[in-house]
Ligand code: HEM
Ligand SMILES: *[C@@H]1O[C@H](CO)[C@@H](O)[C@H](O)[C@H]1NC(C)=O
C-alpha cells in the first residue's frame with residue numbers, strides 16, 4: 001500500500017535515494033552521449049569543419065549562436081525556434097534580427113546527427129559542441145564540452161531583447177548583466193575575446209567611429225570609409241571585429257583594445273581606464289592565459305540553467321517543437 005510505505009523508514013530512505021540520484025541526473029556531463037551516440041562528436045565536427053572551409057566567418061556565427069542561446073533563459077535551444085503565425089520566438093529580437101546567422105548550418109549538423117542517432121541529441125547540445133569546434137578549428141584551445149541539455153518548448157523575444165547585452169552598454173552594465181548569470185568580470189572579459197573573430201554591421205558601431213574620442217584616429221577613418229555617418233545608409237556593411245586577424249581565434253582582440261581599436265563601444269569599455277584594464281592587458285600579453293580562461297568561461301556559460309532529466313524535449317527539427 002502506498003500509504004503504509006510513506007511511513008516506513010525504508011521507504012523514506014528509498015525515496016530520498018531516488019531524489020538524490022534524480023538530482024545528480026540533472027547535471028551535465030562530458031560523457032552524456034557516449035553510449036547513446038558514440039559518433040556524435042566526430043559527426044558534428046565534420047559538418048562544422050566543412051561549413052568553416054566554405055566560409056571562415058561561419059565559425060564566428062556559430063559561436064555567437066551559443067552565447068545568444070545561453071543568455072536567454074539558459075542554454076536550451078530556444079534561439080533556434082522559428083517564428084510562426086501563432087508563435088513568436090527569439091530570431092527577430094533586436095540582437096538577432098538581420099544579424100544572427102548559421103541556422104542553416106545548425107540544420108545540417110542536426111540532420112547528420114539524426115542520421116547516426118535519431119531522437120537522441122538535443123539542439124541545445126549541438127550548439128555547445130559547434131561553438132567549441134568553431135573555436136578549435138579557427139586556432140583556439142579546445143575543451144571537453146559538458147552535455148545533457150534538453151530543448152525548450154518555449155522562447156522569449158522580450159527576454160532576448162533584455163538579456164543579450166547591447167553594443168551601447170557601458171562597463172557597469174556589462175558586468176552586471178554577466179553577474180546576473182553567475183559569470184564574473186573576468187569571465188566577461190575572457191568571453192568578449194570571442195570578438196577576435198567575426199564581423200559586425202555598420203549600424204552596430206556607427207556612433208563609435210564618428211563620435212567617440214577613445215578611438216584610434218586612423219582606425220576610425222578606415223572604418224568610416226565603409227560605414228557612412230547617416231543612419232539608414234550602409235547599415236548592413238560589415239567590418240571585422242578584430243581588425244588584424246578576423247578569422248583566427250587569437251588574442252589580437254585584446255591588443256587592439258589596448259590601442260583603442262575596439263570596434264564596438266562595448267568592446268572599448270573593457271579598456272577605458274576602468275577595473276578591467278588590467279585583465280585586458282594580461283590577456284594581450286599572455287595568449288595562454290586568455291585561452292585557458294576562455295575555455296573555463298565557455299564551460300561556465302554552458303552551465304546556465306539547462307533543461308535536464310525529463311524537462312523539455314529532444315527536438316527532431318531544431319526550428320520547431322515536436
Ligand atoms: C560582452 C557583451 C557583448 C556584446 C555587447 C556583443 C555585441 C555584439 C555585436 C553588436 C555584434 C555584431 C552584430 C552585428 O552587427 O550584426 C557581435 C558579434 C559577435 N559576437 Fe558579440 N557581444 C558580446 C559578447 C559576446 C560573447 C560572450 C560572445 C561569445 C561567447 C560573442 C560572440 C560574437 C561573435 C563570434 C560575433 C561575430 C558573429 C559573426 O560574424 O557572425 N559576443 N557581438
Ligand atoms: C554624433 O553626435 C551628435 C551630437 O550628439 C549627433 O547629432 C549625431 O547624430 C551623432 N552621429 C552619429 C553617427 O552617431
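Placement of Cβ uses the backbone N, Cα and C atoms for every residue, glycine included.
Copied over from TrEMBL:
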BINDING   69, 72, 74, 76, 78, 90  Ca(2+) 1 binding site
BINDING   195  heme b binding site
BINDING   196, 242, 245, 250  Ca(2+) 2 binding site
DOMAIN    27-322  domain 'Plant heme peroxidase family profile'
SIGNAL    1-26  signal peptide
SITE      64  site 'Transition state stabilizer'
TODO: Measure from the CA atom of residue 242 (Ca(2+) 2 binding site) to the CA atom of residue 195 (heme b binding site) and give the result in Å, rounded to a whole number.
DONE: 6
TODO: Please give the average pLDDT for the domain 'Plant heme peroxidase family profile' (27-322) in this predicted model.
DONE: 98
Task: Spatial separation of residue 64 (site 'Transition state stabilizer') from residue 250 (Ca(2+) 2 binding site) - C-alpha basis, Å - done: 16
Task: Between residue 74 (Ca(2+) 1 binding site) and residue 245 (Ca(2+) 2 binding site), the C-alpha gap once rounded to whole angstrom - done: 31
Task: Shell of the Ca(2+) 1 site beyond 69, 72, 74, 76, 78, 90, same chain only (C-beta within 8 angstroms of their C-beta centre) - done: 68, 70, 71, 73, 75, 77, 79, 124, 152, 155, 156, 159, 160
- [ ] Kindly point out which of the recorded positions 64, 69, 76, 250 have a C-beta less than 6 Å from some atom of ligand 1.
- [x] 64
TODO: Taking the Cβ of residue 78 (Ca(2+) 1 binding site) as the reference point, list residues of the same chain whose Cβ is under 8 angstroms away and which are at least six residues distant in sequence.
DONE: 69, 72, 89, 90, 152, 154, 155, 156
Task: Spatial neighbours of residue 245 (Ca(2+) 2 binding site) that are distant in sequence (at least 6 apart) but have CB under 8 A - done: 196, 252
TODO: With H, G and I counted as helix, E and B as strand and the rest as coil, say where DSSP puts residue 196 (Ca(2+) 2 binding site).
DONE: helix
TODO: Note the Cβ centroid of 196, 242, 245, 250, the recorded Ca(2+) 2 site, then list each other residue of that chain whose Cβ lies within 8 Å of it, in sequence.
DONE: 197, 244, 246, 248, 249, 251, 252, 253
Task: Cα distance (Å, whole number) from residue 64 (site 'Transition state stabilizer') to residue 242 (Ca(2+) 2 binding site) - done: 15
Open item on the list: Measuring Cα to Cα, how many Å separate residue 64 (site 'Transition state stabilizer') from residue 76 (Ca(2+) 1 binding site)?
Closed with: 15
Open item on the list: Give me the count of other Cβ atoms within 10 A of the Cβ belonging to residue 72 (Ca(2+) 1 binding site).
Closed with: 27
